[in-house]
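Trainee: Below you will find the structure I want to go over with you.
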Amino acid sequence: MQKKYVVALDQGTTSSRAIVFDHDANIVSVSQREFTQLYPNPGWVEHDPMEIWASQSSVLVEALARAGIHSDEVAAIGITNQRETTVIWEKATGKPIYNAIVWQCRRSAEICEQLKAQGLEEYVRENTGLLLDPYFSGTKIKWILDNVPNAREQADRGELLFGTIDTWLVWKLTEGKVHVTDPTNAARTLLFNIHSLTWDNKLLEALDIPLSMLPDVKPSCSVYGTTRIAGEGSEIQVAGMAGDQQAALFGQLCVEPGMAKNTYGTGCFLLMNTGTKAVRSNHGLLTTVAVGPKGEVNYALEGSVFMGGATIQWLRDELGLIRDASDTEYFASKVADTNGVYLVPAFVGLGAPYWDPNARGALFGLTRGANRNHIIRAALESIAYQSKDLLDAMIKDSGVSLKRLKVDGGAVANDFLMQFQADITDVEVLRPSVCETTALGAAFLAGLAVGFWESVIELEHKACIDKHFIPNIDAQTRVQLYAGWQDAVARTRT
């Protein structure tokens, strides 16, 4: 039977999805299932790895069944995943020894402080591109080994395996035959040397993690093994995987140096491909691994905004100014400007490039004439201002002058926000027709790995732009608006 489809498994923080794409990169079928969030202590976040697998395997079956697709018609399954989340299981039984510790979890902060006290902060920055933070997997692994009964002894005997979610899914799909990750996920563990592209023995020793626990690192665009849907039908190749933000970068076909994408979700994630050069940031950005045009390792600069769509949720849930996120465009467009109002949504501090955990949110410029529309508009503009902060930092670090910014995520449906993003950055903003770019990136990697598609050049002909947003304000206005934002940010930090 002819191979007509590629399936992307998109394993996220709150839900598991399966999306079926045809040869023209159109979405044929989608299935999604949420799973339980566990908060056993303040600042702790966990998932049940078996529930993740159950949700992911069930949506795979559902997505194919809904479209009447037989396993014979599927060329490959690709994977993209929430990054950093940590699973440890028994090699012999496949049984997790503890819940998955989620990327958001802060329980290993003390371990990070111990590593800093050992003078490892600069070594980590130089060799992994990351900061010493509980966000990343390495300290989560150590916490499990130190706190779960018998875990340390089992690890020393070579009986335990570690994986981020991509590794866990491949292990389950291949029925325990394959223990593998890719460079984009390995680069988020705090254990991977992004220059030699190998596990770092010094960091493994510092965290007392046996090398035997770690997966093999295979290219993001390659075949890892085979699976059967619900144990039945023809074997399907499991091929191609990347962490969610790198998958989105590839899904947007940002495969050349200087190409960048911004994902507008609860927060914002801005990544710029820097090619074969790992650029070290002097502005608080992370250096990470990306995927090049032939599936090879490229590098990227990454910055994140803590409060993107979450700012709009605040307007709705806490202030009651809107009923639905989509209302913001209507209200913001009813006024010509914010009437001098700036909202700095530093509700949990400020991320890159400021990294100020003590900053707090504030509204500035309120006068008697300020109304709901001005505040809503200021909230939308704050998302664009924070993204400009990141973009300016990337341009300074990379020395590349950006001309176009590709965008994805839920908030890109807001035309006002996208136009203001173009205006304040003086960069053309491109919104794709298919905004499921994370899943699309996994599908592209899988399809390229098995020859379903021949090259990135072929994929470029399938990538359709829904709308171009062209900068439409003069330079003086842009400078004045941004100066007002910078002043507001400075005042939240004093």
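Glycine too: its Cβ is placed from the backbone N, Cα and C atoms.
So Swiss-Prot lists the following for this protein:
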- T13, T14, S15, T266, G309, Q313, G410: ATP binding site (BINDING)
- T13, R17, T266, G309, G410, N414: ADP binding site (BINDING)
- T13, R83, E84, Y135, D244: sn-glycerol 3-phosphate binding site (BINDING)
- R83, E84, Y135, D244, Q245: glycerol binding site (BINDING)
Trainee: How long is the line from the C-alpha of Q245 (glycerol binding site) to the C-alpha of R83 (sn-glycerol 3-phosphate binding site), rounded to the nearest angstrom?
Mentor: 8
Trainee: Out of these binding-site residues, T13, S15, Q245, which one has the fewest other C-beta atoms within 10 Å of its own C-beta?
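Mentor: Taking T13, S15, Q245 as the binding-site residues, the minimal 10 Å Cβ count falls on S15.
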Trainee: What binding-site residues in the list R83, E84, Y135, N414 lie within 10 angstroms of T13 (ATP binding site), counting C-alpha atoms?
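Mentor: Close binding-site residues: R83.
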Trainee: Around D244 (sn-glycerol 3-phosphate binding site), how many other CB atoms lie within 10 A of its CB?
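Mentor: There are 26 of them.
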Trainee: Hey, what's the widest CA-to-CA gap across T13, R83, E84, Y135, D244, the sn-glycerol 3-phosphate contacts in the record, in Å?
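Mentor: Output for sn-glycerol 3-phosphate binders T13, R83, E84, Y135, D244: max Cα distance 15 Å.
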Trainee: Across all chains shown, how many C-beta atoms besides its own are within 10 angstroms of the C-beta of G309 (ATP binding site)?
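Mentor: Cβ-Cβ neighbours of G309 (ATP binding site) within 10 Å number 18.
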Trainee: Please list, in sequence order, the residues in the chain of Y135 (sn-glycerol 3-phosphate binding site) that are at least six apart in sequence and whose C-beta is under 8 Å away from its C-beta.
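Mentor: In sequence order, E84, W103 meet the Cβ cut-off.
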Trainee: Other than R83, E84, Y135, D244, Q245, which residues of the chain come within 8 Å of the glycerol site, judged by Cβ distance to the Cβ centroid of those residues?
Mentor: Q82, W103, R188, G243
Trainee: Out of Q313, N414, which of the binding-site residues is least crowded by other Cβ atoms within 10 Å?
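Mentor: Candidates: the binding-site residues Q313, N414. Fewest Cβ atoms within 10 Å: Q313.
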Trainee: Whole-number answer please: how many Å between the C-alpha atoms of D244 (sn-glycerol 3-phosphate binding site) and Q313 (ATP binding site)?
Mentor: 23
Trainee: Three-state secondary structure of R83 (sn-glycerol 3-phosphate binding site) from DSSP?
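Mentor: Note: R83 (sn-glycerol 3-phosphate binding site) is coil by DSSP, not helix or strand.
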Trainee: CB neighbours of R17 (ADP binding site) within 10 A?
Mentor: 23
